[in-house]
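To start, the structure itself, in structure tokens.
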Amino acid sequence: MATDTPTKASVTPALCGDLLERMRHASPLVQCITNYVAMNYAANVMLAAGASPAMVHAPEEAGEFARLASAVTINIGTLSSPWLDGMRNAARTANNIGRPWVLDPVAHFATAFRRQAVEELVALRPAVIRGNASEIMALAGTVSSGRGVDAGDSVEQAEASALALSRRAQCVVAVTGAVDFVTDGQQSVRISGGSPLMPHVTAMGCALTCLVGAFAAMAPQDPFLASVTALACFSAAGTQAAQESSGPGSFAWRFIDALAALDTHHLQTQARIVAA
Ligand SMILES: Nc1ncnc2c1ncn2[C@@H]1O[C@H](COP(=O)(O)OP(=O)(O)OP(=O)(O)O)[C@@H](O)[C@H]1O
Ligand SMILES: Cc1ncsc1CCO
Ligand SMILES: [Mg+2]
């Protein structure tokens, strides 16, 4: 299908391929504060892609560790007070020393604790917010149908919210689902591919957030390119893995193999990135 279709946006599959190559070569250290569910899968996804993940979240060390990392990712999936302290410390350090950090506002609309935590974290200036459609709609103040960690809305329904959130929070917003949407408030793209099996494997979105961090580490001045590249890698690996999978179990491990085997040329010729 449409391969290297020129986009009005500044991102092309060729640029994504170059960034993948550079990321693999540098293998950036990324501090991933993610949830108990995602930790193992996300670390394996990062290693398969070529990054170096470290799941470091304790409040006593999260801020100190952020100094060592080239990017930080923060996911509130299994939030608790001490974890929130660690998140604050890491986000503050990242800001102070100019490291990009990525926010995944898992089910932030569900409880007052989560809502307040995410409000505070958004104020700490993430470079990218990555979430599913319901999470992004709710964060923009739109009525949404999310239930727990799963989306109840389509990405299409969330696009206007993503744009509004991007302008308000002054960051890139990446909404994922059947066709992903990424915007920095000025330029937007849609990325298609992947597989309907993906929402049936827990923590794929959380792992993707970590991968956005890996690319942001390599392109701190261009979080839009970093986000699109991570999403394009997931789409390409997801399409590939689904061809041989008999269900979500085999898909989960085949996806890791497909990500490790994803070559730059394949990404450059097969990525389906279209200006929105
Ligand atoms: N129906 C679908 N078809 C193709 N790809 C999909 C589909 N749904 C989700 N994806 C892909 O799955 C990945 C994870 O996105 P998703 O929106 O499911 O995250 P999430 O809801 O935050 O997941 P989790 O909270 O379980 O980590 C993305 O790469 C996205 O493009
Ligand atoms: C299932 C689940 N519960 C809290 S976080 C998480 C991983 C998917 O977001
Ligand atoms: Mg999620």
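Note that Cβ sites are derived from N, Cα and C of the backbone, with glycine treated the same way.
Residues annotated as substrate binding site in TrEMBL: M55, A203. Annotation comment: TrEMBL describes R130, T176 as ATP binding site.
Recorded features from TrEMBL, shown on the structure.
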residue	record	DSSP (3 states)
M55	substrate binding site	coil
R130	ATP binding site	strand
T176	ATP binding site	strand
A203	substrate binding site	coil
_Sequence-distant neighbours of T176 (ATP binding site) in its chain (C-beta under 8 A, six or more apart)_ = R130, G131, N132, A133, V155, G205, L208, L231
*Between the binding-site residues M55, A203, whose Cβ has more other Cβ atoms within 10 Å than any of the rest?*
A203
*Other than its own, how many Cβ atoms are within 10 Å of the Cβ belonging to R130 (ATP binding site)?*
31
*Identify which of the following binding-site residues, namely M55, R130, T176, A203, place a Cβ less than 6 Å away from any atom of ligand 2, and list them by sequence position.*
A203
*ligand 1 is in the model; which of the binding-site residues M55, R130, T176 have a C-beta less than 6 angstroms from one of its atoms?*
T176
